[in-house]
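Lifted from Swiss-Prot, the feature list:
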ACT_SITE  HIS203  active site
ACT_SITE  ASP220  active site
ACT_SITE  CYS282  active site
TRANSMEM  36-56  transmembrane segment
Amino acid sequence: MEPIHNPPPQTCSYSRPSTTYTSFKDASCGTKVTRIIIALFLIVISCGLILCAYTFRDLLDADYSAQEGPQQATKLLQQLDKVLTGPPLPIWDNEHLFQFSCLMQNKHRRVLPIDICNPLTKFNFLEYICNCLMTKQSVNVNETDMCELFCPPTCTPENYRRLLCTSSVFPFVMWHDPSADTQEAMLTKMDQTMSSGRVGNSHWVLVIVDIEHRCVTFFDSFYDYIASPQQMREQLEGLAASLGAIYPKEGGADSDQEELLSPFQVRIGSTVKVQSPGEFTCGAWCCQFLAWYLENPDFDLEEKVPTNPSERRALLADFISTTEQAMSRYSSLSWPTTD
């Protein structure tokens, strides 16, 4: 029996196709055209990616001009109202308010500086203002003994008495945080704000009592942060009636008693919102309003404040820069003297 010999397995051999690279110079005409088309296509794609990465702000700054109608430009300014450039304006707190009121007392003499040792809120300002004006009335008629006269810690009783006698304009500042719904909660919130060093939602508003003009003026740089103007007017009308009884009009013996005890006039000075969102300038705006009032009690706020937000900001920045140095003389918080 013969041995069986299996044939060797057949193998398949694959050969790679050879690729020949030719330079652009040696390539055929069709290859050159193809390469040019591919290069142009890649350039277009690259330019598209660059334009996609180009920010909209850069496109606005590009060297070209477009004619836009006045309505579109107005809308753009309205949008920019919330985007104000420049360094932040300094925050004026109660110490700055006191220093500025001392500066105004030195200039106008009829102004009583702001007592910052007794914090006022929307819960106690009516009673406090009435008590302050009643104290002035009793001092004028020599009914208050020196020992009974309450005066701020940084002012002597003798000096405080003289200031009360010579003052006819009484500015008061109220501190407010919308999260507090009682006087105790408001004072607690005030302590927390002072400890943290952050402004938070706190806000200053101004009340001016003018005995000579028989007027109570309220100012809120946010216009309606504490309450609506109508709600504030209703509260202030109660104060105005009390002040009318404390300081009756001068008249003869035959004058009508009801007319003599007529209430003070109530004026809501914050007719527009002057403080821009994101800025903590309520204290500085209160001081600016007080300065305008002392120059002319009948001034119109809308005539003083520009409608353009950038111009408003520049106006307040100029006011701050021109008064801060003069205010520094009262940095010790000592009350000015009448000598």
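Cβ atoms here come from the backbone N, Cα and C positions, even for glycine.
Quick caveat, the model's predicted, so the values are computed rather than measured.
The structure, with features from Swiss-Prot marked on it.
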residue: HIS203; record: active site; Cβ within 10 Å: 20
residue: ASP220; record: active site; Cβ within 10 Å: 27
residue: CYS282; record: active site; Cβ within 10 Å: 26
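In this structure, the CA atom of ASP220 (active site) is 9 Å away from the CA atom of HIS203 (active site). Of the recorded residues, HIS203 (active site) and CYS282 (active site) place their C-alpha atoms 6 Å from one another.
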